[in-house]
Amino acid sequence: ILEFTSSSSGLSCLLLLPDVGAAGVFELQIRHFQNPHGHLQSGKCCDLRCDTFFHACLKEYQARVIPTGACTFGSDSTGVLGGNSQSLRNRGNDGGGGGEDGTNGHIAIPFKFAWPVSTGGCASIPVWLPREQAKLQRVLLSSMLNPGEQWQKFHHHGRVLTLEYRLRFRCDANYYGPFCNKFCRARDDFFGHFSCDPSGFKVCMEGWTGPECKEAVCRQGCHQAHGSCTVPGECKCHYGWTGPFCDQCETFPGCVYGSCTEPWQCVCDVNWGGLLCNKDLNYCGTHQPCKNGGTCTNTEPNEYQCECQEGFRGRNCDIGECCPRFPGSCLQQTSEAPGGFRCLCPPGWTGRTCQLASVCIHARSCRNLIGGYLCDCLPGWTGPNCDISTYERTQNKTKKKNRKKRNESGSRCSCPPGFSGKFCQSGPGPCDSAPCLHGGQCTVEQDGRTAACNCPTGRSGLLCEVTLDLCDPNPCQQGVQCHSAEGRYICACPDGFYGNECASLKSPCIGQHCPGKRKTVCI
């Protein structure tokens, strides 16, 4: 019930709901009033003029309005607005312009209950004179009033008073809805990230969701079960999951050739086995270790066996039957020579394994010419085929010369340097000139005229003039790194392998010979 005291009265009935945390303010503003004759409600006249003010009284809902009684939900009054007639239209549309004495005709009654929009009401607006406190008139009002900023205008034409006024009901800050009982306060902190729409519903800020807008929106595509986030756009993986979207499981630590569908699995790929999927079940197909046409057979995980073609041997069939009758070292040259080896033949022999006799006997090389050939003889040999020893020719000439001296004078032979004997028949030996290079050991062949060089490791050739790279090609098995040293090589063997070649294999060239009839060198 709303009651105005002033010279006029009215009654507005309101349905009041229980206190549910609502907050607002009821406002009434007098716009214009006119009492042309200066009469009171009793019919008497005011002294000179009526000093008019209004009093509003807000009460609970009453089916039958009783103007008396306490103002249950509050009351307020204006100051004296004027005499018999007064217009307040220009004193502010929102109750302003009158000062603190209430002379702007504005009354505001705050309350803490839900506003009954759907229920009609009645307002009592008694109009009083300030001294006599005499009522001018009572006005009854029944109307719908929705919360909002807009005013509703009303007109009253009574027996004594004509009145124009307006009403509105506004929700307090952070209160929304038709009853001003929906609380919403925008925030951007630990307890939420949202603003409020005109109805008081929370509107989450970008990147946040949930009833209280406290749940961050993760990166688009982030797995809902395996990933999470504490700030928008993040995707933090749960234990056992990885990837930009946390949709990839982590395999068992150390898993090599395996995958997973759940964390910590190690499901082996095709042709792989073992706990860590590091055992090659198809070593032959993966690595193709057998060379030179050898046939590979898988035996066990990471194990295989090669069946070599004729002329090759070794674990990988990469060792040719190089100079099989020569008791020296054998150099594999799979990258330089067809078949994986090359024999350096002794004088007078040629062919892949020195099995063919050569027209150039003691020569460095033999060049084909049109209609013939040309031999590049080694030191100490001459002739078209390099088969005449310059030593023998010199010795024969010396013998003849000394015999001639002896026959003519009967004296002893005076031998030239390097020769001895009664007839100077003993000349210098084949090794006296130290023909072997780089520390090679010189030995005299059975014919007593031919020198042969036993080369140290890392050297080859007739005079040990060829330097060998013992790591080219790599002799180490399992593909490990080879390190050249002075006259030897060292293999950096992995765990589980041992021996100079990381295979615990006997040197493939020990006890081998080239099939030629003369001394050969295998490289």
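Quick reminder: no glycine exception, Cβ is built from N, Cα and C everywhere.
Just so you know, TrEMBL annotations never went through curation; they're auto-generated.
A quick note: this is a predicted structure, and the numbers were derived from the prediction, not measured.
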Residue among Cys171, Cys196 that, according to TrEMBL, closes a disulfide with Cys184: Cys196
From Cys424, Cys453, Cys455, partner that TrEMBL gives for the disulfide involving Cys436: Cys453
Secondary structure tally of the domain 'EGF-like' (214-247) (DSSP, helix then strand then coil): 0 helix, 8 strand, 26 coil
Nearest recorded site to Cys502 (disulfide bond) by CA-CA distance, among disulfide-bonded residues Cys204, Cys308, Cys377: Cys308
For the domain 'EGF-like' (467-503), the mean pLDDT of the predicted model: 74
